[in-house]
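J.: In case it's useful when we look at the structure, here is the feature table from Swiss-Prot:
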ACT_SITE  SER177  active site, proton donor
ACT_SITE  TYR211  active site, proton acceptor
ACT_SITE  LYS215  active site, lowers pKa of active site Tyr
BINDING   LEU46, ARG71, ASP96, ASN123, TYR211, LYS215  NADP(+) binding site
Amino acid sequence: MAEAFTTVPAKSSPARFRYTKANPVKDPTTSFAGKTILITGPNAGLGFEAATKFARLGASKLIFGVRSLERGQEAKTKIEQLTKCKRDAIQLVQLDMGSYASIEKFAKSVTDEFPVIHAAVLNAGVAPPSYKLSQEGWEMSLQVNVISTAYLAILLLPKLRESGRAIGEPAYLEFVSSTGHGDVTTESVRDGKSILKKVNDPANFKFTAQYQITKLLEIWAMEHIAAKTSPKEVIVNSACPGLCKSSIGRDFGIVLRGLDAVFKGIFAQTAEAGSRILVSAVTAGTDSHGGFWALDAVSVPGELVTSDEGKALSKQFWAEVLDVLRKQNADVEAILNG
């Protein structure tokens, strides 16, 4: 039955939600003994549940990229209590995905401090209910979910490539995506001048659509980064946990939070069930390189990922992202190209 959803273009639907809730993927059992796993956004929801699984499966080191060290410490303590992992297994490194300077500092810190990184799970994401600019001048979800995630991924590539060569098997770079990317229409992103400016325009902001758009752009970014990366060194993929009861709606108002709770009460699986995909994605193998991992299978992404029109838009988008990042870091393309 899963093939009914993995072999056709990804798209949200009640049928897909019901199937995923009723048929959660198997809980991963692969050992991560001796491995170092980096995960952003591990304080709550999917990130917390995935981090807990990595700890239970024996990861020697867990690097937590956290905006709040206080909240990171709370998550660390709770995971230590739940899994009985060693007290020095989890290390907190501050990371504000709304700040290029913080991203650069984080990437340098983990590159310098850890001999190898076996997998990086880029889970941090936001879904603000109203328009808000980041300090870098972009709408917050566009900043965090897309531009900053792409920048962090690129800055981590040298360490991941080096790690893959050192351990004799590919490291992993995982983007956390959403089936909702398949719901995005061409009109939502196509613009005669600039895709980023269109998505950044407050006049176009609708919070549900905006989150889905950022997840489409994130998949486009993943594909371009994967195209510049050998899967013999780093497997780059995108993982969709499915609709989950997670903390992504933490900034919603009372009414919206109530509606969200009712909808997810009917259709959503638990964050624990969804987090299984985040863990299995870093064992998915070379077939998942540049791919969309959902329901524990390499799946067909949305039409704006696979169609000729989507590929043309993706190419334009990526050129714009590199233009933005080049202004922050003149070496960004050299780093990406390895």
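From the backbone N, Cα and C atoms, a Cβ is placed for every residue, glycine too.
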J.: Fill in the CA-CA distance, ASP96 (NADP(+) binding site) to the residue listed as 'active site, proton acceptor', as an integer in Å.
T.: 19
J.: Minimum Cβ neighbour count within 10 Å among the recorded positions ARG71, LYS215: which residue?
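T.: Result for the recorded positions ARG71, LYS215: minimum number of other Cβ atoms within 10 Å at ARG71.
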J.: Drop a 10 Å sphere on every Cβ of the recorded positions ASN123, SER177 and tell me which sphere holds the fewest other Cβ atoms.
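T.: Across ASN123, SER177, these recorded positions, the one with fewest Cβ atoms within 10 Å is ASN123.
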J.: Could you state the CA-to-CA distance between LEU46 (NADP(+) binding site) and the residue listed as 'active site, proton donor' to the nearest Å?
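T.: Cα to Cα, LEU46 (NADP(+) binding site) and the residue listed as 'active site, proton donor' are separated by 12 Å.
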J.: Among all the protein chains here, how many other CB atoms are within 10 A of the CB of the residue listed as 'active site, proton acceptor'?
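T.: Counting Cβ neighbours of the residue listed as 'active site, proton acceptor' within 10 Å gives 21.
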J.: Round to the nearest Å and give the CA-to-CA distance linking SER177 (active site, proton donor) with TYR211 (active site, proton acceptor).
T.: 10
J.: For SER177 (active site, proton donor), what is the secondary structure by DSSP, using just helix, strand and coil?
T.: coil
J.: Please give the NADP(+) site's span as the largest CA-CA distance among LEU46, ARG71, ASP96, ASN123, TYR211, LYS215, to the nearest whole angstrom.
T.: 26
J.: Please report the distance from the Cα of the residue listed as 'active site, lowers pKa of active site Tyr' to the Cα of ARG71 (NADP(+) binding site), rounded to the nearest angstrom.
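T.: Here the two Cα atoms lie 26 Å apart.
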J.: Among all the protein chains here, how many other CB atoms are within 10 A of the CB of LEU46 (NADP(+) binding site)?
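T.: So the Cβ neighbour count for LEU46 (NADP(+) binding site) comes to 29.
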J.: Work out how many Å separate the residue listed as 'active site, proton acceptor' and ASN123 (NADP(+) binding site) at their Cα atoms, rounded off.
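T.: About 14 Å separate the Cα atoms of these two residues.
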